[in-house]
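Notes to accompany the following structure.
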C-alpha cells in the first residue's frame, strides 16, 4: 500500500519469436519501483503448441487464449495485491506487440485492459501473422503421422495428444524469408481490413506506439553486417522481400524500392552504404510503415494516440554506431536497467546520459499507464536522484499523433517533438506502393504480375510459390473473423465444416467503416501527399519567389538610378556654383600680366654689339 494505491498495472508480453523466449527474463523491479506501478510478465504457449490451428472450430490460437486467461485473472484478483483493475495497460514488444494488437481489435478482449503500448511491432507487419495456417496444419498432420485422421476435421487435436511432445517440438517448418510459418492468424480477412473495421476495445483504448532506427538488424547475417553487401546481393534481398510480401506488380514495386533507397549521387556504391540502405528499406517496409498506418487508423477515429522514435544508442552498444538504435535496445531502458547497471548476470557500464534517457522512458511510460497521458505531472523519487524531485520534463509536452500534424516524440538525451517521421519514405510505402499493388482488370493474366527473374539465384532465402489465382476480395463480404474465445480441446462437432467462424458467431458485430476502402484510399492520398502534387506546389512556390525577387531587384535598381541621378544633378550644380564664384573673384582682383618685350628700332641691318648686350640686360630686368 502507498500514497498512489491502488497502483496502475502494466502487463508485458515478450517478443523475439513465436517459437521461443519467456517472460521470466524481463525483470521489472526497477520499473515498478521507479514509477510506482505493478509490473507483470505473462508466459504463454509457443511454437506448434500455441499457434497450430488443430481444428476448424479454433478461431483463436491457444497462445492468445493463455494471454486472455491471464488478463481475466488480473482483472478479478489484482485488487488483492494493491492493483487497480480499471487501469491495466497491455504492453508488447516485437511479436508480443503483434499479439497485443490482435487483442486490441478482438471483441472478446473488451474490458480486460484500457491502454495498449506497442513497441516495434503491429498486426499490419507481414511477419506478424501466419500466411497459411491451413497449409501448416496439413504438413504437421502428414509429418507426425496424423494424415489418416483427416486434417480438415476436428480429430487432429485428438491425434496430436498421442504424439510425443519431443516430436512436436522438433518439427520446425521453414517459412518464406521475412514471413512467419508458426504464428497467430486472422480468418477470412486481411489484417488491414480487420483493423479498419475494428470496434471495441480498439476505439476506446489509448494507444502508444514506438520504433527504433533499425528494425531489421537480424535480417542480415553477421558477415553482411560486418563487411557490407554488394549491389547484386542487395537486389536479391529486396527482390525476395517483395515476392514474399506482395502479390501484384512485383517488378514495379521492386523497381520503386530499389530506386528510392539508392544514393544516385554516388557513382560507386560502397558495400557498407548498401548494407545501410538495405536495412533501412527492410525496416521501413516490414515494421515502421505498418506502425504508422496503425497510428493513422487509430487516431483518425478520434482515439488518443502517441507515437515515438527511440533515437538513442549507448556508447557501449554491441551494434555499429552508424545504424543508430537497434530493435530491442529500447527494452533495457523501458525496464530501467541503466539505473542499476544492467542485469546482475549481464552487467554493463552505463553513462550518465544513459541514466537520463532511462529516466525519461520510465516517466513517459508509467505516466501513460496511470492516466493514458504521458505528460501527466507526477511526483516521484528516482533511484539515482537521492530523493530529488524529477523536473526534467516539467515544461515539455508530448503532443497527440493526429492525421494532419503527424507529431511524434524523438526520444533521446533531450526529448523533442517532430512531425512526419521519415515522411518521404513513408509516402512510398503507404501511398505509392499500395496503388501499385492492385490486381488490375479481370483480363490481366497473373503472369503479368510475376517477376521476370524466376531462377533461384535471383533470390536470397526461401521464397513462396507464384500465385496464378487472384486473391478474392475481402471488403464488403459482409462478414469478417477476428480472434474469439480460446478452445483448448475443441469438441467433435457432427457435420462441422472447415470454414472459420464468422464474426456473427463470435459475438456482437464490429462497427465497420461505411466509407470502405475507397474512402480509406482517398484519406491516405490526402494524408500522404503525392509526388505530383508536391512537385506542382514546389514549382509554384519557386515561380512565386522568382517573380518576387525580380520585383525586389527592379525596385532596388530603380531606387539606385534615382539616387545616382540626384547625386549627379547635385554635383553639376555644385560645379556651376564654383565656376561662378571663381569668375567673380577674378573680376575684382588685379593679376599682373606678363607683357611681351617691345622690339627696338633698327637703323641698320647689323646692330652694334654693345647695344645688343645692353638690350638683353634690360629684358632680363623686365622679366
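Cβ coordinates come from backbone N, Cα and C, glycine included.
The structure displayed is predicted, hence computed values, not measured ones.
When TrEMBL is compared with the stretches 473-502, 503-532, 533-562, 563-592, the one noted as region 'Disordered' is 473-502. Taking TrEMBL as the reference, the stretch among 434-453, 594-613 described by the feature region 'Disordered' is residues 594-613.
Sequence-distant contacts of the transmembrane segment (534-558), counting only residues of its own chain at least 6 positions beyond either end whose CB sits under 8 Å from a CB of the stretch, are absent.
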